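Trainee: When I checked TrEMBL for this same protein, it listed these features:
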TRANSMEM  A:12-29  transmembrane segment
TRANSMEM  A:49-79  transmembrane segment
TRANSMEM  A:91-113  transmembrane segment
TRANSMEM  A:158-175  transmembrane segment
TRANSMEM  A:205-228  transmembrane segment
TRANSMEM  A:240-266  transmembrane segment
TRANSMEM  A:287-308  transmembrane segment
Amino acid sequence: MDFTTVILVLDSALRLATPLLFACLAGLFSERSGIFDIGLEGKMLASAFFSASVAAFTGSVWLGLLAGMGASIFLALIHGVASITFRGNQLISGVAINFLASGVTVIVGQSWFSLGGRTPQLEGAARFQEITLPFAEALRGVPVIGPIYADLISGHSILVYAGFAAVALSWWVLYRTRFGLRLRAVGENPEAVDTAGISVIGLRYTATIICGALCGLAGTYLATGLAAGFVREMSAGRGFIALAALIFAKWRPGYALLACLLFGLLEAMGNRFQNIDVLGINVPTQFMQALPYILTVVILAGFVGRAIPPRAGGEPYVKER
Amino acid sequence: MGRLPKWADVALIPLINLALALIVSGLVVLYIGENPIEAVAIMVNGAIGSTYGWGYTLYYATNFIFTGLAVAVAFHARLFNIGGEGQAGLGGLGVALVCLFIPWPHWTLALPAAILAGALFGAALAAVPAWLQAKRGSHIVITTIMFNFIASALLVYLLVNVLKKPGQMSPETARFPEGARLPSAHDMASWVGLDFSKSAPLNITFFIAILACVAVWFLIWRTRLGYQIRAFGHSEPAAVYAGINPVKITMVTMLISGALAGLMGINSVMGEAERLVIDSVQGAGFVGIAVALMGRSHPAGVFLAALLFGMLYQGGGELEFEKPAVSREMILVIQGLVILFTGALDNMVRMPLEGLFLRLRGGAR
């Protein structure tokens, strides 16, 4: 593998890691507040569809972004009503949202565009364009650093950079603000938070809405940044990979970045090379596709650094039990 | 507990939930500019209006009975087995291996072997998440989701690289030999002199599914193991106090659950396709969740719910054929709404009903 190929694969890994990253952070906020969310996949898919549709109608990707986030937040609120207000089973609610999203996106898409569930190809201002960072072209000639800066770091859409900013912001919110402290507390011991006079329900709904907004960014990037339009089932299990990354990262923002980059890199390598030789053994691409899940199971098994979820996760809060 | 009469709990609430799901689905149909009443008529007619329709409806129902029972058994131990999709896929692999590599003289010999192989392979995939839950406390929902993806990657790998029939492009195995062909509904009807659609995939597995319902009912309510499973599901500390081994119950319940999901392979792989193809499960593992929730985890309920979803799947296909604007994905919407209303939003109906019945009883006194 030469240097240019390495840069190309890493560049592709960054793009593929971005939707994972947004979805992973979305799950992080939700699960840290004690709401399990296996509906990340459905929220991503819904926002991918609605962002692409609105971008196709209006020609503005920013309006698309708004619509995508709106759709995702709407589904997140259904999840919130089911799991917070009506104390339903959070896992079942997540499953339901995934089905709803995969059905509604195709049916409404067919009704709006009659393209077999797809949206029209997005062009120009209807997509997030690549941004060339300052001096990228001037520095390209510099050995090693030049290509890294010009091809790897520069030339992504704004959402890729926003993804990295979201990691820092999430860390700051969770560990350096009063809201973050309360959010983490409500996922560990909601009774204590309630006793302190802070609304458990309010905090959890806030976390759910943040989760919806971030999933909206993930789906919007899928349909308007990574691809140029929506196709059915385009989230293709990324919501579950993000869930795996979240466990892999042990519910921490910094590790979430590393996990998503790792899983993005695996996907990029799987796309680029059909077969990979490791020490003379041929590794099939299906193994590369399954690797994120296998790694997560290993981490979950606790053989390599145990992953312990937030203590109150999945439990509806009942005042004065 | 006991604030509701039993008939309200087992019949009224599921029916209200189902009605809510259908009303919202009807609104979706209305939104895309079709008449929901007409759509229902087409679906019902397509599903049960002919022996062809029945043949498909009951074929789908057979799949859903197996996956629904799988989820239901796990629910009794308060385990959420979301891995039916992978377990059924691997069960199909087991069935295919048995049918392909052993020259069976007659289906009566092939069928028991296929049942064993399907159950074994399905249980094998459930074993790892079960062990991780029992011994390491890893959440079974997450591990079974991960195993769905691992199983699917494994099946694609095997079909593309190992089991594919040489000299053909599509990744599927050779057709099973004649000795492994199960009698279809057409064959069975002709034994008793009746006429049944020849092209419908319904086969003898339907009766095995009914037997599985009876067996699960017997297991859960008439055996010591079933009692232990239910006790464990109601309260783990109480079960442990009563001398029930949580590791054993978790393992055994999940193995049974995985085996039931694996049995689906007999119907879809051996009965219908007569070869192993990519994605032979086609989402039936997930339908099992909706079926178990609607059926209140009782085999009789699972049977009825599976029948309903069989009608939805067959009727949905006909609907798409008659009205192309309403695509097959409408089924996914209905399925999602059924899961949402019966599973997650159950309390939305239950809480006001409980209040209502409390007041009614107060008035009667």
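Backbone N, Cα and C atoms are what each Cβ position is placed from, and that goes for glycine too.
Just so you know, TrEMBL annotations are computer predictions that nobody has curated.
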Trainee: Based on Cβ pairs under 8 Å, which of the stretches A:91-113, A:240-266, A:287-308 lies most in contact with the transmembrane segment (A:158-175)?
Mentor: A:240-266
Trainee: Please figure out which one of A:12-29, A:49-79, A:91-113, A:240-266 racks up the most CB pairs under 8 Å against the transmembrane segment (A:287-308).
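Mentor: By the under-8 Å Cβ criterion, the transmembrane segment (A:287-308) pairs most with A:240-266.
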Trainee: Restricting to the same chain and to residues at least six past its boundaries, which positions have a Cβ under 8 Å from a Cβ of the transmembrane segment (A:91-113)?
Mentor: 36-39, 41-43, 45-46, 48-49, 53, 56, 75, 78-79, 82-83, 119-120, 230, 232-233, 239, 314
Trainee: Residues sitting near the transmembrane segment (A:12-29): Cβ under 8 Å, six or more positions beyond its termini, same chain?
Mentor: 37, 40, 43-44, 152, 156, 159-160, 163-164, 166-167, 170, 174, 183, 207, 210-215, 217-219, 221-222, 225-226, 238-239, 241-243, 245-246, 249, 251-253, 256-257, 259-261, 263-265, 267-269, 271-272
Trainee: For the transmembrane segment (A:205-228), give me same-chain residues lying six or more residues beyond its boundaries with a C-beta closer than 8 angstroms to one of its C-beta atoms, as numbers and ranges.
Mentor: 15-16, 18-23, 25-27, 29-30, 32-33, 35, 37, 40, 43-49, 51-52, 55, 61, 64-65, 68-77, 79-80, 84, 119, 121-123, 126-128, 157, 159-160, 162-163, 166, 179, 183, 186, 234-235, 238-239, 242
